[in-house]
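One structure below.
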Amino acid sequence: MLPAFILAPFPFAVQGHCFRAQTSFQMDPKLKRMASSIFTLLLLLEGGLFSSSSPSSSGMLENIFQYIDLHQNEFIQLLKEWVAIESDSVQPLPHFRQEIFKMMDIAADKLRHLGASVDLIEMGPQQLPDGQTLPIPPILLAELGNDPKKPTVCFYGHLDVQPAKKEDGWNTDPFTLVEVDGKLYGRGTSDNKGPVLAWINAVVAFKALNQDIPVNIKFIIEGMEEAGSISLDELVRREKDRFFSSVDYIVMSDNLWISKKPALTYGTRGNIYFTVEVKCRDQDFHSGTFGGILNEPMADLVSLLGSLVDSSGHILIPGIYDNVAPLSEEEKKMYETIDLNLEEYQNSSQVEKFLFDTKEEILMHLWRYPSLSIHGIEGAFDEPGAKTVIPAQVTGKFSIRLVPHMNISVVETQVKKHLEDIFSQRNSSNKLKITMILGVHPWIANIHDLQYVAARRAIKTVFGVDPDMIRDGSTIPIAKTFQDIIQKSVMMLPLGAVDDGEHSQNEKINRYNYIEGSKLFAAFFLEIAKMHS
């Protein structure tokens with residue numbers, strides 16, 4: 001044991017053990033890193049870290065955590081190298097596609113170095129609207145361990161990113177990782193390179209300490225998520241009875257906490273997207289020559305769009321709420337316990353006033369009730385200046401975020417009937433065309449599933465608090481795909497903080513979230529192994 005005078009400067013170290021939970025959650029991050037690294041070095045000198053005796057699971061985890069603390073700068077350097085690769089999947093340009101291919105090769109090499117068997121599955125060409133063809137980046141399938149006595153956990157992530165340029169408003173080059181006050185700035189740090197690496201970091205720690213990983217691990221990593229996960233559904237279906245046949249649990253880490261408190265996500269909304277076109281003829285009109293003697297398409301369209309939702313956010317389409325899942329008492333209590341400072345949330349959102357006054361109402365309308373948003377109008381004059389034109393044809397765009405147990409085909413029928421009824425009331429001679437161009441189901445998980453229980457325990461171990469149980473108001477289609485096709489428990493275990501700025505300027509992940517997230521995955525491996533057995 002280390003002498004008392006050495007332990008004294010470290011309030012989290014008592015009798016050779018590190019109380020990482022309750023104390024580290026509140027400690028200043030810089031002090032914590034310094035103290036933890038020094039303490040780990042002392043343990044190394046003492047020989048306790050690499051003892052040849054077989055440690056208990058808690059002792060093993062202690063060693064894992066200490067290794068991660070000691071090597072955190074190496075893990076950040078690796079994130080820096082990955083961020084430097086401009087793996088933009090949104091812009092369909094050969095240069096960016098080459099960068100994605102490079103990124104997938106680097107990830108494959110990293111996993112092979114850890115002893116995983118890796119396949120890069122070629123997905124063929126992508127035909128673009130302008131006629132050009134680009135190769136679809138391969139999807140990475142990797143496997144580490146195949147012990148039938150262990151549970152098999154599959155991790156999904158993506159290594160492509162949104163476009164980013166410094167002139168868009170970034171304070172630094174978006175593809176050069178920069179640390180400021182414990183924040184790691186760079187495109188992809190939070191979405192999703194950081195979480196993918198955090199999972200790998202946990203594996204690295206087990207391997208470096210020659211500790212047996214208590215679970216079999218599989219990876220499915222793609223490079224086209226930001227562009228709609230092209231060909232991913234096809235691959236999942238094809239591999240259902242091969243790669244996924246032995247999978248027990250599926251974990252994703254592609255979303256955020258809602259506050260400064262760790263969270264587990266158990267649901268996302270779906271999305272159904274419509275265009276509504278009103279057409280008079282092919283050529284625009286001069287308003288002085290034709291204004292007042294015809295039904296103007298823009299007037300028809302504005303009336304149609306205005307009939308969809310009222311000023312309180314209530315959707316006006318008849319029957320739209322009929323199949324929304326009722327609010328249970330258990331769910332209601334979960335909203336009450338979620339840690340969200342409404343004033344801070346409103347200030348950070350830069351919104352003067354929300355439609356609802358309480359935390360519970362706001363969260364419910366973000367997560368468990370549908371919403372309708374109007375996105376834009378094609379064909380209308382939107383440049384500076386005054387142009388007295390009557391558009392001959394205009395197309396409005398809107399979407400509805402779906403929740404359990406809304407049905408896509410039912411909602412499509414309700415929307416079309418409502419718009420046709422409103423249009424008929426106008427007695428317009430114009431032509432109406434309504435098209436549903438996207439339909440994605442909502443996803444919801446059972447929070448009592450084994451891996452949710454294991455994840456809650458792991459969060460308590462690492463962060464010293466019970467997690468908030470949250471949903472996500474956006475849509476992550478692959479969760480529902482995994483759930484429907486593989487028919488195994490799917491869990492979202494976010495690492496990102498609420499202010500990470502995914503898809504925005506100055507995207508970042510906190511050093512704290514990245515390093516403690518690596519520990520979280522290691523703790524989860526042990527918890528799910530214990531509970532599964």
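Quick reminder: no glycine exception, Cβ is built from N, Cα and C everywhere.
Note that TrEMBL annotation is computational and uncurated.
These come from TrEMBL:
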BINDING   His158, Asp191, Asp254  Mn(2+) 2 binding site
ACT_SITE  Asp160  active site
ACT_SITE  Glu225  active site, proton acceptor
DOMAIN    266-423  domain 'Peptidase M20 dimerisation'
SITE      His286  site 'Important for catalytic activity'
Under 8 Å between C-beta atoms and at least six apart in sequence, can you list the same-chain neighbours of Asp191 (Mn(2+) 2 binding site), or say none if there are none? Val161, Gln162, Asp254, Gly496, Asp500, Glu502, His503, Glu507
Inter-residue Cα distance where the pair is Glu225 (active site, proton acceptor) and His158 (Mn(2+) 2 binding site), in Å: 6
Around the residue listed as 'active site', which residues of its chain at least 6 apart sit with Cβ under 8 Å of its Cβ? Ser87, Asp88, Ser89, Ile100, Met103, Pro137, Glu222, Gly223, Met224, Glu225, Glu226, Ala227
Close in space but at least six residues away in sequence, with Cβ under 8 Å from that of His286 (site 'Important for catalytic activity'), the same-chain residues are Thr388, Val389, Ile390
Other C-beta atoms within 10 angstroms of the C-beta of Glu225 (active site, proton acceptor) total 23
Roughly where does the domain 'Peptidase M20 dimerisation' (266-423) sit in mean pLDDT, to the nearest integer? 95
